[in-house]
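Chemist: If you scroll down you'll find the structure; I have some questions about it.
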Amino acid sequence: MNNTTLIPVVTTKAQAMSWDDATWILTSSFIIFTMQSGFGLLEAGCVSAKNEVNIMVKNAVDVVFGGITYWAYGYGLSFGDGEYSNAFVGVGQFLVDGDESSDIGQIYSTFIFQLSFATTATTIVSGAMAERTKLTAYVIFSFLNTVVYCIPAHWIWASNGFLKTLGVVDIAGSGGVHLLGAVSAIVAAMLLGPRRGRYDSQNKKQLGNPTNALVGMFMLWWGWLGFNCGSTFGISGGKWILAAKSAVTTINASVGGGVAGLIYSFIVNKKKFMIEDLVNSILGSLVSITASCAIVRPWESIVIGAIGALFVVSFCPLLDRLKIDDPVGAFAVHGIGGIWGMIAVGIFGDDDKIERITDGRSGLTHGGGFYLLGVQVLAIVCIVGWSGSISFILLYLINRTIGLRLSPEEEDLGSDIVEHDINTVSRYLDGCQLQVNEQMTVRRSSFGIIRRHSGMKTPTEVGADNIGFQMQ
């Protein structure tokens, strides 16, 4: 059977990609890069105002330190095709460069595309560690975390990777990016423990800035189209058809997920549409379709997205009952959505007849038997085992040396002032003063008395409520 892979390890001139394929890859990479802004805004919207700058900085750290390590050794471990490359790890093309004797354009465009995937996997972790992690500890983790991503990437996407050889299909990373990052995220959340006061009976979870969270969701929604459509790795031949199909299935999945999430929220929350349910259901549906976007039918993508969304929003309360504090729902969205996305390939996947992505195999609903489903489950086990164990080792060593967590006093003050010398409380209260002034209505009676509406909170009260900061 044809052993074509959508993310090829190719360096020979005979197999070189065309310029239009390279243009498609680069354009998709630039779109994917904007997802860093989306993740940053989403995560900043989920945390209190005293930590929102810090969470944006961590997203920049993911690109800066994750980028240098992926260039130095990550790409080589994933897609190196040197003499010692094997089914477990790639060897070669370290310190990525090209010369006149190699296909420079292909190496460079492939590197940029894969770099955007690698930094996304690390960014998923930052949300689960929010509001209680030392920035220095996170910098070290971001620097080292590349190794967590690049080895499974070789298994799944390199032409000689053992999971690829077995027939595993993960077109754009439900498992290789999202599940992998989510497992690291929940390991980090469990090692860190809950934020101070998170599970006090009177401390109800609320989004710090729902507007930012929604804007972040829209940016991720846009970026996901580049994520999935770009994973056809070109538009030459018949690949443009797969790219167009990926766009349709990606949108359809998010539509199905959004509808399912809103219905769930309306029923469970007594006719209220909760913002976190809307955001998590749409993002969870996007994660769910990522593995199969080019090999399922449009109506199947709606089903995949709806089921994925329901799994995700149903799982979030379970984490809280277990007192696993994941401020942005990273594991539910990317982990549960990623697992379902990989399984969905084995159920709904079909041979595309263009690039033969599944090597001629089909899922259960297309009469393909259990083989494809079986290897997809094997991939899930391998990814969870690798990511969980290596992430635990890295985080444990960091915790035993410089420590992962802020002190209780620093956590109360907030990372913005502790790590960046930004007095968020003062800045936020100034904004609250303006807000209160706008909301105040002044009535002048016949006696010239100015009255303030009853029930209006003072700026200090508004700030304390929204910042999550105990005013002394």
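Cβ atoms are placed via backbone N, Cα and C, with glycine included.
So TrEMBL lists these for the protein:
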- 24-421: domain 'Ammonium transporter AmtB-like' (DOMAIN)
- 22-43: transmembrane segment (TRANSMEM)
- 55-73: transmembrane segment (TRANSMEM)
- 107-128: transmembrane segment (TRANSMEM)
- 135-157: transmembrane segment (TRANSMEM)
- 169-192: transmembrane segment (TRANSMEM)
- 213-235: transmembrane segment (TRANSMEM)
- 247-266: transmembrane segment (TRANSMEM)
- 278-296: transmembrane segment (TRANSMEM)
- 302-319: transmembrane segment (TRANSMEM)
- 331-349: transmembrane segment (TRANSMEM)
- 369-398: transmembrane segment (TRANSMEM)
Chemist: Who are the long-range neighbours of the transmembrane segment (107-128) in its own chain, taking Cβ under 8 Å and residues 6 or more past its ends?
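Modeler: Tertiary neighbours of the transmembrane segment (107-128) are 7-8, 11, 17, 22, 25-26, 28-29, 32-33, 35-36, 39, 42-43, 46, 55, 58-59, 62-63, 66-67, 70-71, 74-75, 78-79, 93, 96-98, 138, 141-142, 145-146, 148-150, 153, 173, 176-178, 180-182, 184-186, 188-189, 227, 230, 233, 326-331, 334, 391.
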Chemist: Same chain only, please: residues at least 6 beyond the ends of the transmembrane segment (135-157) with a C-beta under 8 Å from a C-beta of the stretch. Say none if there are none.
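Modeler: Those are 5-7, 54, 57-58, 61-62, 65-66, 68-70, 73-75, 77-79, 87-90, 114, 117-118, 121-122, 125-126, 129, 163-164, 168, 170, 175-177, 180-181, 184, 188, 379, 382-383, 386-387, 390-391, 394-395, 398-399, 402-404, 415, 419, in sequence order.
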Chemist: Hey, would you say the transmembrane segment (169-192) packs against the transmembrane segment (369-398), going by three or more CB pairs under 8 A that are 6+ residues apart?
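Modeler: The transmembrane segment (369-398) and the transmembrane segment (169-192): touching, yes.
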Chemist: Taking the transmembrane segment (302-319) as the first stretch and the transmembrane segment (213-235) as the second, find out whether 3 or more Cβ pairs fall under 8 Å, excluding pairs closer than 6 in sequence.
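Modeler: Stretch pair does not touch.
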Chemist: State the non-local partners of the transmembrane segment (213-235) in its own chain: residues 6+ outside its ends, Cβ under 8 Å from one of its Cβ atoms.
Modeler: 6-8, 17-18, 20-21, 24-25, 27-32, 34-35, 37-46, 113, 120, 171-173, 207, 242-244, 246-247, 249-251, 254, 275-276, 278-279, 282-283, 286, 289-290, 293-294, 355
Chemist: Across the whole of the domain 'Ammonium transporter AmtB-like' (24-421), what does the mean pLDDT come to? Round it, please.
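Modeler: Mean model confidence (pLDDT) across the domain 'Ammonium transporter AmtB-like' (24-421) is 94.
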Chemist: Looking only at residues six or more beyond either end of the transmembrane segment (247-266), which have a C-beta under 8 A from one in the stretch?
Modeler: 221, 224-225, 228-229, 272-274, 277-278, 280-282, 284-286, 288-289, 292-294, 296-310, 313-314
Chemist: Which residues of the chain, 6 or more past the ends of the transmembrane segment (55-73), have a CB below 8 A from one of its CBs?
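Modeler: Sequence-distant neighbours of the transmembrane segment (55-73): 36-37, 39-40, 43-44, 47, 94-96, 111, 114-115, 118-119, 122-123, 126-127, 129-130, 135, 138-139, 142-147, 150, 415, 419-420.
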